[in-house]
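> Quick one: the structure is below, questions incoming.
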Amino acid sequence: MESTQEFQVPLKTIRLTDGTEYQSYHTEGSLSDKKPSDYKNGIPKIRKEWIRTRLDRGDTNHSQMYYAKKGIITEEMRYVALRENMNPEFVRLEIACGRAILPSNRNHPELEPMIIGRNFLVKINANIGNSALGSSIEEEVEKLHWAVKWGADTVMDLSTGKNIHETREWILRNSPVPIGTVPIYQALEKVKGKAGNLNIQVFLDTLEERAEQGVDYFTIHAGVLLRYIPFTANRVTGIVSRGGSILAKWCLAHHKENFLYTHFDEIIKVMKKYGVSFSLGDGLRPGSIADANDKAQFGELETLGELTKRAWEEDIQVMIEGPGHVPMHLIKENVDLQMKLCQEAPFYTLGPLVTDIAPGYDHITSAIGAAMIGWFGMAMLCYVTPKEHLGLPDKEDVKQGVIAYKIAAHAADLAKGHPGAIKRDNLLSKARFEFRWEDQFALSLDPETAKSFHDETLPQDRMKTAHFCSMCGPHFCSMNLTQELRKFAQEKGMEEKSEVTICNRKKESGK
């Protein structure tokens, strides 16, 4: 743990057999010591005193953007600066200009602050939540624990089944990471599933209920406007967002503009009161690569840019949700247009999936797009599991989705040249070349799987120091042969001779 006088920032320390130590970003935090039997008690409220000071002072806007614009570096900002190895003033400036957000509801004191922005580490979100057809409260909290264990930076509770309020309460009291939700789901439940009966008061009541519990960011589909809906008529897959389809149905039923758009200022008031961040939803995102980058998608994106400005005028943090299903050659256009229309507000994308032909493997089809869009400047990736399009994910699906997206996020960090991103790669490569098998496992994103694959054929302890694996055996390992070659060259003075030969050739060629 790295500490200041006021708080400790969670870090995972990996101790290698050569004496080297590597410290990595750690999302599990205080939840790592929890057992399922302890979930009712929740985790420590590390922000309790910070929040109390602001309440005692009479603050009415609890958004981190509000404080950042005033030149105040909050405890949350300093916490984030430690986690990211950044200067606290740089963190404040990125939040103040809207290029990054620090989701942190004042009623989520258990939160261990993190930041989402293209100039920071690429983050990943994991979705959990029950449906009408399965999953208990305990199972959802266990999914939360499982997701952050493997590296989820935020978690969205998308529950649509029974006990939504209680499920969310358990999740929040046990979450060290920001929790996001989609309030329109519960609002629809309150009107017995009839979209036409929705209204702004039902929605605001739902919003207040969730904000009071401590939800850190809301997906609000306020950009689904009446005039954009006809653009989806000739799509291959129509409207694939649940929230988008609900609001499109309401608009057509009443032939009126989306009530979330017309009452956006009232929604802002709730966000301001609790410090909740907007995740402006892409209700018209493409659900197939054939529909990518069409009028409906980009029309909505333009409206999200307008709404971003309105939220910023009230010092409310905003990130923008994005697609979806986009072939590789169209991905960069999405990022460039989003940055232009939304003034560089953080981009938060679902993949995108780069092909539609792989049900059961969409964690792979989407991780390809995720790595690319992360490289181009996206700030947070929403994971996709192998069950995407097929069913409700279980624990193993959650793990597979998180790991696939940790790989994509790290690949993007490497491509962007994020300070320190390559250190872990170099340590693992060195351990691999030196046949330090235990260190290779420890430095892996998934040590358990790496070790189990190795031990399937070479389980003996002595094989943890062997200079080969089952792929090549003892006589054909290229790295072992390279080591022998280097040793031979060193003994025969070949390095010096090689340098002399190169110098002579350069002289002969006149270089």
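Placed from the backbone N, Cα and C atoms, the Cβ positions cover glycine too.
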> Looking at Swiss-Prot, ASN127, MET156, TYR185, SER241, ARG242, GLY243, ASP282, GLY283, LEU284, ARG285, GLU321, TYR348 are annotated for substrate. Which of HIS108, HIS221, HIS263 sits in that same site?
HIS221
> Find, for the listed binding-site residues TYR185, TYR348, the residue with the lowest Cβ contact count at a 10 Å cut-off, counting only other Cβ atoms.
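Fewest other Cβ atoms within 10 Å, among the binding-site residues TYR185, TYR348, is found for TYR185.
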> Provide the number of Cβ atoms within 10 Å of the Cβ of CYS477 ([4Fe-4S] cluster binding site), excluding the reference atom itself.
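Around the Cβ of CYS477 ([4Fe-4S] cluster binding site), 18 other Cβ atoms lie within 10 Å.
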> Closest of the binding-site residues to ASN127 (substrate binding site), Cα to Cα, picking from HIS325, HIS389, CYS477?
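Checking each of HIS325, HIS389, CYS477 against ASN127 (substrate binding site), the shortest Cα distance is to HIS389.
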> For GLY283 (substrate binding site), identify the closest of the binding-site residues HIS325, HIS389, CYS469, CYS472, CYS477, judging by Cα separation.
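So, spelling it out, the nearest of the binding-site residues is HIS325.
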